[in-house]
Amino acid sequence: MTELLFNKRLQVLVKNKDTDERRSVIRISIELQPSSNPVHRKDLVVRLTDDSDFYFLYNLVISEEDFQSLKVQQGLLIDFTSFPQKFIDLLEQCISEQDKENPRFLLQLSSAFDHSPSNLNIVETNAFKHLTHLSLKLLPGSDTDIKKYLATCLSTVKEEKQQLEQKLRKTEEDLTRQLNYAQQTLSEKSRELDKLRSEWTSQTTSLSSRHMQDLTAEREKALEIQARLQQQNEQLRQELESSHHRSTQQLQSKVSELETANRELIDKKYKSDSTIRDLKAKLASLEEECQRSKQQVLSLRRENSTLDTECHEKERLVNQLQTRVAVFEQEIKDKEQLVLRTKEVLEATQQQKNSVEGNVESKQLQISKLEATVRSLSEELIKANGIIKKLQGDLKTLIGKIKVKNTVTVSQEKILQETTEKLQREQRELQDTQQQLRQKEEEVMKLKEQLEATVQKLDESREVLKTNENVITWLNKQLNENQFSRKQETFGMFETPAAGLRTGSVPHNMLDSKGFPSSLGQGFPITSTINSKYPLPLSCVSSGPRSVLSAHNQTSGPKVQFNPMSAKHSAADVSPTALSQPSNKENGGPVGLDSKYFERRDDSIPLRGLLPSMHLNREVPKPLNTAGAKPTASAASAYFPG
């Protein structure tokens, strides 16, 4: 099935070699039709036709391979899928520009001969050159193509004809229905019209008679009004003519008066012109004098400013001189006081002159010294005056600094307020943080207490571990010695006592109520007796879990004392009395481990590889109960594995 993408009429500029350029309207149709090549899905078909000339036909079929060559030749930047839409966009731009005098986009169809291939160019004209966006080479239709085209045109015309005939029939039916309806309505309306006409004629006759009577009455009234108005007009005209005569006479008298006044005013004008000239001359002279006076004022202002500055300086000098005068007056007063004092001294000296004539030389020396001191004092006073002047200058600088400091203090006060606010915020935050710190310290104290408790538990568990290790080492040593002695001697006779099984020689402080050693974390039964000749411990752990062994001999001997702390001594060193009784501090025997190390603890750390539950709960192999029977090698290996 062909898919029609574009089918419109466009203005095309046709160029031939023989004929000149001409504009003609050509129909351009763009279709997508399935291709004969199975590789490609669809081909693009471009067809040029003329509605007025049915033999005008140009075709172009573009496959994907043809498009690739066209893309390479003309430098296109689009794919085959987007090419039809871009081509249609260019044609739409040509349609929009075709009504203008100087269109920007143009369609050109150029061919060398009538039945030769022609080029369809889409040209864009700009200020620099004519740009050809696309150039397609179209082939003229052959006879078969033209026949096919004419056949399609005929079929489309027939279809259109059938559609038009159907439309005509429908319209005829609609029109006949409308006509019948219109005729019915017309007959009804005509009847109504006749009724209305009869009513209208009767009404018009009655109205015309009434209007005629009204008209005659109105005419009579109008004639009467006209006569009255004519009389009123004549009276008004006479009155107006009399008033007009009066006004003309008054105006003439006014005109004569105004002429006399005009003459007087002209005379006054000439006089005023002469006075204006004199005043202008005076004004010019006065302006010159004004400018001179302005210049003098400016100079006087400058002098005034200089005089003001000089006056200020002189006032400053006067103030300084006044201060100096005050200082000098104070100095004079001081000197007068000194003079008075000296006069008093002189009077005293004169009174004492008679009595102190012998000491005149010494007094003269004192007077010379006093004069020298007076001179030095005067010099010091002069120096003090200079210092006072310097201090006054320093005072002025200090006053300026104080002003600056005041501004600085104001700014600092503002900063102080801000800092106090910040301090308050920080104090609040500090209080919050202190509360949090207290809480944290309480938590830390609790954690420390927990830590101490756990450390104590750890120490206790380490002590228990050490005791367990000592027990294990002692047991290993005993086991090694027994194995060594067993290899040297020949296998003897083993017998079980008639009394049955007895508990092994484990100390009473290592066993709980059920006969299990409590120091190893979990209990295991020790049910065996051994010969005094072979002191062998019954619970021994070397590298892993082992079963508890029971060894029997023909002659039953005393029990061996289990003492882990005395594991270093050999079996020969153990006395029979020590073996028969458990060692205890109260009994005065050899001191063993304290009972606190063998107490059962729930929080103790279990030893690795020591007596797992599966091996601890295992039953101990029972020996043969036949008295006097010798055990075989298999029985011995069962009692002593490894």
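Just so you know, glycine gets a Cβ as well, placed from its N, Cα and C.
All annotation found in TrEMBL is predicted automatically rather than curated by experts.
Looking at 234-256, 418-440, the range annotated in TrEMBL as region 'Disordered' turns out to be 234-256.
Checking TrEMBL for region 'Disordered' across the ranges 49-70, 71-92, 621-642 points to 621-642. Averaged across the domain 'SAS-6 coiled-coil' (143-172), the predicted model reaches a pLDDT of 90. Same-chain neighbours of the domain 'SAS-6 coiled-coil' (143-172): 49, 54-55, 57, 59, counting only residues six or more beyond its ends whose CB sits under 8 Å from a CB of the stretch.
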